[in-house]
Amino acid sequence: LRHEDEDIHEGVDGIIVAKATAMVILFLASLLFGLIPFKLAKWCNWIDQDTGRKSKTGKTIGALLCFGGGVLLATTFLHLLPEVGDNIGHLEEQGLLPTFPFHAAEFLMCLGFFLMCLIEEIIHMYLRRSQRRCTPAVATETAFERASRRSFRNGSISTADLVSSNDSIPQKHQMTGLDSVHAQIPAGHTHLHGHTHLPQGSTESEDIIVSSLRGLLVVLALSVHELFEGLAVGLESSASNVWYMFGAVAAHKLVLAFCVGVELVVTHTRTYLAAIYVVTFAAVSPIGIGIGIGVSAAGDAASSSVPAAILQGLATGTLLYVIFFEILSKDRSGFIRYLATLIGFALMFGLQFLTGHDHSHTDDNGAHGHSHSRSARATT
């Protein structure tokens, strides 16, 4: 018994170490990928690129995002959803959950999907009110504002908007940043493009605050998805599953961090604001992992497994929302992006096939594989 207890404690310690390591790596890597565009902008002279070259850059980033979407697609349906089903079936057999007359895993996934929709709508309501209060001081708008405006029409804040926002508007018509344009205005008034008068005094300060807040809110809206992705990592029950999920989340997170960094460069966002945006975006996934660790470690293993299984099901639904509303949206047409999505899916499928990845649970009653949760609910 003593040896068994020692093995259990070593296993738990190994899982915590894996999750803590994933937190640190994901934060530092996201921070690095978010800051890389600032160096590349100097080396490659992005700011003075013509529209064609910028369009090519946007297409490349879009293809990489679709690759991450394919990775998440395989992870959601081939890894997370079966694992949630197995966990719920395992809890039903132990008597910790009642036997549901429906597929509980799929139901939790749908709940998570609608939860993310609700969060998006709340954010949109706040953004719309902020936009109505903001006096339009200039005729042009930032990439973040274009993404926000497009999201109002489409019903979601999509990374497709962040990728394509600079492809559709020539450089000479882009605003010089979320608020840097105001820093270049001397006392009195200044003409932008020969015909726009900017107000002075308190109105100018309010415009700076509202514009900066709007950009931060768009980044936070994208970060909500990353929080739940981190939660999915933090709720895993084995070190191998942690690293599998870490790879899937990182494939999407790092490309998206690079995309956010590119937008901050193109819009000439002030340095301290860019730092806030990048650090905020980099930190949310590790925070989600930390929340998952706390939920998994709370109380005894049996009681904590119930909220962990429920949260994991909800996190699966939020990933579903990210895949189909943020990544694989109607704006992402084209064979290259389709091929990138297919390659991402095939990569994770091949990895799972070659490593013999499964979601078994072992306890006093023996091993529980994929089949038990389906059969348990099928008999209801």
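Every residue gets a Cβ built from N, Cα and C, even glycine.
If you look at the transmembrane segment (20-40), the same-chain residues 6 or more away from its ends with a CB under 8 A from one of its CBs are 46, 230, 233, 242-243, 246, 249-250, 253-255, 257-258, 260-262, 264-265, 274, 277-279, 281-283, 285-286, 289-290, 293. Here TrEMBL flags 20-40 (among others) as transmembrane segment.
Summarising the annotation, TrEMBL assigns transmembrane segment to 61-80 (among others).
What TrEMBL lists as transmembrane segment is 100-123 (among others).
The transmembrane segment annotation in TrEMBL covers 215-235 (among others).
Look at TrEMBL and you will find 241-266 (among others) tagged as transmembrane segment.
The feature transmembrane segment is assigned by TrEMBL to 273-297 (among others).
Annotation source TrEMBL lists transmembrane segment at 309-328 (among others).
Under the heading transmembrane segment, TrEMBL lists 335-354 (among others).
If one looks beyond the transmembrane segment (309-328) by at least 6 residues along the same chain, the residues whose Cβ comes under 8 Å of a Cβ in the stretch are 65-66, 68-69, 72-73, 75-76, 80-81, 83-84, 87-88, 91, 97, 104-105, 107-117, 156-160, 222, 225, 228-229, 231-232, 235, 252, 292, 295, 341.
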